[in-house]
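J.: Handing you a structure now.
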Amino acid sequence: MFRRLKCKINIENKFLLFLSFSLFSIEIINAQKTNVGLICENDNADVERIFQLAINNVNPDMEDMYLNGVSISIEPGNAFETSKKLCKMLRQNLVAVFGPTSSMAAKHAMSICDAKELPFIDTRGDFVVELPTINLHPHPTQLAVILKDLVTMLEWEAFTIIYECGEYLPVVNDLLQMYGPAGPTIVVRRYELDLNGDYRNVLRRIRNSGETSFIVVGSIETLPELLKQAQQVGLMTGAYRYIISDLDLQTLDLEPYQHSDANITGIRLISPENELVLEVAKALYEEEDPYVNVSCPLTVNMALVYDGVQLLAETFKHIMFRPVSLNCNDDVTWDKGYTLVNYMKSLSIKGLSGDIKFDYEGLRTDFLLDIIELTVSGLQKIGSWSTDEGASLDRPPASISSEPDQRSLVNKSFVVITAISEPYGMLKDSPAKLEGNDQFEGFGIELIEELGKKLGFSYTFRLQEDNKYGSLNPVTKEWNGMLLEIMEDRADLGITDLTMTSDRESAVDFTIPFMNLGIAILFRKPMKEPPKLFSFMSPFSGEVWLWLGISCVSVSLSMFILGRISPAEWDNPYPCIEEPTELENQFSLTNCFWFSIGALLQQGSELAPKGFSTRSVASFWSFFILIMVSSYTANLAAFLTVESLSTPIENVEDLAANKGGVNYGAKLGGSTFNFFQGAKFPTYQKMYEFMDSHPEYMTSTNAEGVTRVENENYAFLMESTTIEYITERRCTLTQVGTLLDEKGYGIAMKKNSPYRDVLSQAVLELQEQGVLVKMKTKWWKEKRGGGACTIPFKTELMEEIRFVLKCSGNTRPVKYPKPSRSASSRSKFSVSSKDSSSVTVDSLATDDQQLQKRKK
C-alpha cells in the first residue's frame, strides 16, 4: 500500500514539474526578445562571462520580455575593428551597448551610438558626460577629491604625483587646481617605458631627488611592474609612502611588499566583505574551479558591467519600447534612446559597487569607498570615504616615522671595506707611518665618519687588496671584489665610487645614492685652428665673393661701353690743334678694370669720368663699395676677436661615427662597459661592438685611460664625477657632450640588512643639510691639487697690480723668455731712447761679470 502511494506521489510531482516547465517555455516564447550588446576585448574574457551571468540573473524577474546578450570581440584599442563590428551588430535590434575598456575603441563606439541615439553604457574612468551615454564609474573630479582627502588625512606637507599617460591628466589637473599657492609642495612626474623597456630611469630620478610621498595615477595593468621596479631601485623602504589611485588595488598580489616597510594606501569600490559580491563571484567561478579564492576576484569593470545590466533591466520594467534595426549608412535613429538613458539616471538601485545613484549632471554620486592599507598580513580596511562625510578612519594608519630608529646602530662596530680610488678613498701623504683608520682619507672615508658621528657606531676600514669593486662572472655565476667580501660576511659595509646597478642590487643592498652621476666622455680641450692661407676671405661667404667679382666685371664693362658712347669722354690729345683729326678715350677696357679695382680696394685711380652716365656709374659703384668695405671690416674684426676652436667630436653620436678618427674605450669589466654591453639603444650597441672588437682600446684602470687621452687621439668613457675631478687638475682635458645615463653611488651592505633604512635616512639628512655638497667641494676643488685650472680673480688682479707698480719713473720692466742654461754670451745690454730713458736687463752670468771687471 505504501509502495503504491509513493509511486503515485512521484508521478504527480513529475507531472507538475513538466506542466510548470511547459508554461515557462510558452511564456518565454511569447516574451519579447531584447538584445543588449557588449564590446569585449580579447584579453578580458571575464567581462563577457559576468555579462552573461547578469543577464541570466535578471531574466526570471522580467515581464513580457527577456534579455539576450550579443557580444563582439575586438583587439585591444583597435578603433577600426570596433566601428566595423559595432555597425554590423546594430542591425540586430539592440537597445543598449556596453563599451570596451580601451580609450580609443570606446570613443569610436560612443560616437556611433551618439549618432544613432542608442544608449551607451560606459565603465571607464575617462569619460565625457553627454547623451546618450551613462557612466557608472566615479568621475575624475570626484577621484581627485578623494585623493585630496587622503593627503589631508595622512598629513602630507609635500608629495609627488606620478601619472602614466595623457588619459589620466584630468585627475592630475583637478587635483592641482584644488591646492592654492599656500598648499603643499607638489611635483608632477610621468612614468613611461624607456628605451630599455622599463621604468627604472624615472624611478632613479625620483629616488635621487629626495621625494618620499607619492600619488600613483595609472592603470592597474602597469602597476605591478612599477611597484616591482620601485622595489629594485630602493623605493620600497620605510622612508617612502604611496597612495594608489586605481580602484582595483585589491586584485593584485602584493605579498612581495608586505614586509618592505613602505606605507601603501589605496581605495576600493568593490568590497570583498559584501555578500552580494561573494555570491556573484562564487557563481562566476564555481563551474570553472570550485576551489577558487573568491575573496576579491572581481575588478571594477566587471562589477560595473553587472550593475549596468541590473540598471538596464530595472528601466525596462517601467518603459515600453520597440527595438529597431539600425544602419550606420543612413540617418535613421532610435527615438527611445534618450528616454531610456534619462530614466536610468533617475533610478537608484543597489549593486556590486554599492548604491548606484546619479546627480543632475549625470555623474554618479552617494557612493562609498573603502580606504585600505597594506600590512604584513595583507590589505586591511582602515576607513571609508563617502560623498557626504569625506574620509573617516576606523583606526589610524600605520605610523611612518620620518626618522628611523637610530638607536639600533648605537655602540655597534662595522668593518668597512674600501678601495684606492681618488678622491673617494686614498692613503694619506705623511712622512710618518700611519696605521688603522688614520692612514685613509677621502670623500667616502669622511662620509663614513659623518655617519658614525650621527648614528653612534664605530668602524674599522679595511683595504680591498686587488682594488676590484665586484662583478659577476657570467660563466661561474660568482661575484668577486668588495661585493664578495660583503656577501661572505668578511665586511659589513662597502664605500667607494661603487655604482648601483641592477646586477649588484640583486646581490647586495644599497643605501640611497650619496652622489648622482652618469657616464660621460673625457677628451682633450678644443685646440686653436691653424691659420689658413685664404683666411682673409672668411668674413664673406663664397657666394658673396662670387657676386662681388661679377659686379666688378659688370661695372668695368659698363664704364667701357658708356665711355665709348658718351661724347664727353672723347678728348683732344693735342690741345694746340684746334681741329684734330683724331680724338682719344681714356676708358679703354684695361683702364676700366683698373678703375673698378682701384675703387674696390679704396685706392682710387688717375681716371676721372667726365660724362654724366660714367659719373653716375662711378658714384653708384663707390657707394656700393663703401657699404661692402664697412661690412667686411666689421666682420673681419669679429673674426679676429673671436678665437676659433676646433674639436673633432661634440657628442656621443660623433664618437660612435668615429668622426675625426677618434678611438674610444672604457675600463674593462667596469660598470661603464657593462652599461654598453646591456644597452638596447642602437648608438650604444654600435659603440659596444666597436669596443668589443678592439680590445686594445680598453684599459685596466681609469688612470691608464686618462693618460691615453692626453697623449693620443683617444676618448675615454667614464663616470662624470671622476671626469670633474680630473679636469680640476689636468687643464688640457674636458668633458664632451651630455650624460649618457643616470645612476648613483651608494653604500653597499649585505642583502636584507636591517641597517639599510637607518643609513639611507642619515644620508638623506646629510644631503638636506648641505654636508655632502661641502664635502664634494673640499675633495674636488681644494684637496690634492684641486682648482689648478681655475685662477681666482683676486690672484689675477694682484699680479696685474704688482706689474703696474714696477712701471715707475723712466724705467719699465720688459719680459723676455728665460735663457737656456748653455747661454752665457750677453749678460747686460741697454736700449737708449730720445729722452735718455733706458731699459736694462741684468743677468748673473759669471763670464760677463769678469769681462766688466777687466774693462774697469
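Cβ atoms here come from the backbone N, Cα and C positions, even for glycine.
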J.: Among Cys592, Cys731, find the residue that TrEMBL gives as the disulfide bond partner of Cys789.
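T.: Disulfide pairing in TrEMBL: Cys789 with Cys731.
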J.: Scan Cys7, Cys296, Cys328 and flag the one TrEMBL records as disulfide-linked to Cys87.
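T.: It is Cys328, per the disulfide annotation in TrEMBL.
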J.: What does TrEMBL list, out of Glu449, Glu450, Glu719, Glu724, as binding the same L-glutamate as Thr499, Arg504, Ser671, Thr672?
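T.: TrEMBL names Glu719 for this L-glutamate site.
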J.: Within the chain of Cys789 (disulfide bond), which residues six or more apart in sequence place their C-beta under 8 angstroms from its C-beta?
T.: Thr727, Glu728, Arg729, Arg730, Cys731
J.: Residue counts in helix (H, G, I), strand (E, B) and coil for the domain 'Ionotropic glutamate receptor L-glutamate and glycine-binding' (423-488), per DSSP?
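T.: Its residues fall into 24 helix, 13 strand, 29 coil.
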J.: Give me the sequence-ordered set of same-chain residues, not including Thr499, Arg504, Ser671, Thr672, Glu719, with a C-beta within 8 angstroms of the centroid of the L-glutamate site's C-beta atoms.
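T.: Neighbours found: Asp497, Leu498, Thr501, Gly670, Asn674, Phe675, Lys743.
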J.: Per DSSP, Cys328 (disulfide bond) is which: helix, strand or coil?
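T.: DSSP assigns Cys328 (disulfide bond) to coil.
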J.: Of Cys87, Cys328, Ile649, which is closest to Glu719 (L-glutamate binding site) if I measure between C-alpha atoms? They're all recorded positions.
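T.: Out of the listed candidates, the nearest Cα belongs to Ile649.
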J.: Rounded to a whole angstrom, what is the largest C-alpha distance between any two of the residues Thr499, Arg504, Ser671, Thr672, Glu719 that the record assigns to L-glutamate?
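T.: Taking every pair among Thr499, Arg504, Ser671, Thr672, Glu719, the longest Cα gap is 17 Å.
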J.: Counting other CB atoms within 10 A of each CB, which of the recorded positions Cys87, Cys328, Ile649, Cys731 comes out lowest?
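T.: Cys731, out of the recorded positions Cys87, Cys328, Ile649, Cys731, has the fewest neighbouring Cβ atoms within 10 Å.
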J.: Here's one to test understanding: among the recorded positions Cys87, Cys328, Ile649, whose C-alpha is closest in space to the C-alpha of Ser671 (L-glutamate binding site)?
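T.: Among Cys87, Cys328, Ile649, Ile649.
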